[in-house]
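Novice: From TrEMBL, here are the annotated features:
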| type | residues | note |
| --- | --- | --- |
| BINDING | 94, 136, 140 | Fe cation binding site |
| ACT_SITE | 137 | active site |
Ligand SMILES: [Zn+2]
């Protein structure tokens, strides 16, 4: 397992629409391992493959509270199949937008379908943190970031901050 470097805004890769995984190969299993390792190291509760620069429809998540009882999930080609009318507000963050947190309103409950690493199709319902997390991660597969749900003012402010930081890093 390898910890891979995270892709940070304003990197345009984060706006790509990821491609479906066609077959669960050894490389896909390796990618899942690396994603989990990178996510736990960060630490974060969810990671999409594009966040380590791989434009494939794959997500890892673990919303368990304690490190002793890890519940790693690997979602291949996940999709939301139903979302509740009721919304809830949750403070979100993103490994690609470090140290920035803001409240986002999303459906309170969702049903989602995905394939696991064994090739089984699973459909499951979620609420709470898992519901927020799965919506946030599936957004990444479509090039959508949580800051897209904020006011233009807030989004511009965070983009400007990270653009400046990227320029400094490039030495420009
Ligand atoms: Zn994210």
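Here the Cβ of each residue, glycine as well, is placed from N, Cα and C on the backbone.
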Novice: How big is the gap, in Å, between the Cα of residue 137 (active site) and that of residue 94 (Fe cation binding site), rounded to a whole number?
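Specialist: Their Cα atoms are separated by 9 Å.
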Novice: My understanding is the cutoff is Cβ-Cβ under 8 Å with a sequence separation of 6 or more in the same chain; which residues meet that for residue 136 (Fe cation binding site)?
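Specialist: Residues satisfying the criterion: 46, 92, 94, 146.
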Novice: Quick check: which same-chain residues outside 94, 136, 140 lie with their CB within 8 A of the centre of the Fe cation site CB atoms?
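Specialist: The answer, listed by sequence position, is 46, 48, 51, 92, 95, 96, 137, 139, 145, 146.
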